[in-house]
DNA sequence: CCGCGCTTCGGCCCT
DNA sequence: CGAAGCGCGG
């Protein structure tokens, strides 16, 4: 890996010479033996076995950082290299699209040629692919829409409103959670209704909500996220001949992050790995699907070989249905399973691993597994207790700069947090300190209103039955079509058993005003014209996605309106839409054979971790959930407080605290060389200041592994607003923090609430303040200092300042709270 | 009937 | 701090 920063110069991370590819977790190297495939070079015995074992089922229990991606990749390469499998016979399921792309690249790099025909993708992408191909059998049109959670909530909101279900306590949030949970268990309305207690009015109402929701999605030719998996399973169960096609095709199925699969995903894997009955094999042969060389003695096709990789200790998605029983009961489910344990860690220092082992050891009901490294102890973990979230952010920014000046690239550092709300304080300080950073996930590009609007135009063209998309654009941009007209159209459609789109075309007969009617007809015509542009029978040829989007934007006036607006926010919105247009152009270039529906699918299935850009050269900020599967030289794990980690919400749920501990464990094990654990004694939330206690998990880490720059016991003995990041004592262990004072013992908040909130949200602007080397300045937190150097230009000018008492800092001149003396 | 600006309230955990 | 809910003017 690209790791210039390596204080201990540990040799384990160097790839053995002669290996054509660079793979992390390369192992101890130095294999002394006769010839062997380069595929096995640098692997330890367990890893080697995991690559070479052949059998019906293989379970690889892979601890964090044990080189499992490398093993999976080489296993695929090995199957292809030995001609045991064609690329098209391999189905590899990863957790994110990014992981899929990476795996594909690595296999290509090993084989030195394209591995076309392989399916390497996420559960959801694979299922969409299958469902679009088999749409007819699934009772869908191939251009079905995919509803995200926001779409689901809007739909449920309308249903709840029409049923007055809010009086029974239903909200879009709780209803969607319940429906999702049921779908993850492969329950549908009918199966649920059969077992429901129909004397409970709330149950009756829920069944009605669920039923209407299902109907609306059907009518809109749409599937929600959970349906993608469930419908594929139903499809295979209802149409054995269809299932047989895929069972015949995929001879080797590999699933990563198996501990995070839910019941529906488990069932899908089960369906895909079932054998094909002899009769069905006969049938396939007669229809020209060759199965002869796949048949066994019985005349059927044996089930595909299944490889799963997982680690129960990293299961962090129980809240959305992941079931670790899938992994703990794997051997029972798939008889003849071979189990391989990967415990040697090639990522982190022993100190980091010891902390991780100690923490996860507090979870009972787990198979004992101890990660170990041959790479030496490394640095101690650094602990820091800040007075406030603001203060904590300052510590992070300062330490990032220290690491950076020591030669570590920004992109090798990451800051983790439990909740997205914590980004605000971090971002504020990082911007002020001129640290380049990037928030991974968070408010996603495709969730922005203007992007959803533009996409709704495209969806309306691709899937004319999608009422949700149509209603979204009906009055966007403003056409004078209000909610009353909208409901009028909807009930007209309902009453006449026609689609919403058709109701728009027929709106002349509704007796609406001429202006409104004209507006509706205009939009209907625009969409019809757009649909013609991508009609395969159009003699004029077909428009690509970017041409279509440009046409829709121009004719609807959406983009022009934003551009001409005086609201500065609209400028940013226009830029976002232009970015979307640019994305469609890239898409056309990269996928010349793909069309509108493919583009929309890709957009629907991006996950938070997918927009990670390794080449960006910035510090990455993300939630602990997003961090899974990633690794960094230095990791800052912030907000290690009771109520945050473990999170308040987890306390009531069974297994909650244990899952939170795994989340903490996942965070710790992302770090290669340096780990920082920080917490804040007080944290601003919802405009209030809350007092926090150190997380219980901190006490689970042996004290000699942590070097407390400021221990929890020390922080509460001080008050005031002086920065403590740099004048902190270095007296070793955080002695006595387990017995530290109760919250009441804390000093009062330093400032009144209002003033505090203002300071956080206030965007300071120093205008054209100019600074030059030699100037003396005063900083609101750091005191007086001398400017050494000014770099950058325009609004990005950065002052390098040596403060008299708080050391060297970089400050963004435009917004730093400074004044010239 | 629609659009806009105002006030108010409740809301943030993770996908 | 942002969405929902209102009351008014067009």
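Just so it is clear, glycine is given a Cβ too, placed from its N, Cα and C backbone atoms.
Here TrEMBL flags A:41-349 as domain 'UvrD-like helicase ATP-binding'.
For the recorded site, residue A:63 (ATP binding site), the DSSP three-state label reads coil. According to TrEMBL, the feature ATP binding site maps to A:62, A:63, A:64, A:65, A:66, A:67, A:68, A:69.
Sequence annotations record features per position, and here TrEMBL assigns domain 'UvrD-like helicase C-terminal' to A:350-629.
Annotation source TrEMBL lists region 'Disordered' at A:737-760.
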- Out of A:66, A:69, which of the binding-site residues has the smallest number of neighbouring Cβ atoms within 10 Å? A:69
- Other CB atoms within 10 A, centred on residue A:62 (ATP binding site): 28
- Work out the three-state DSSP category of residue A:69 (ATP binding site). helix
- Query: Around residue A:63 (ATP binding site), how many other CB atoms lie within 10 A of its CB?
  - Reply: 25
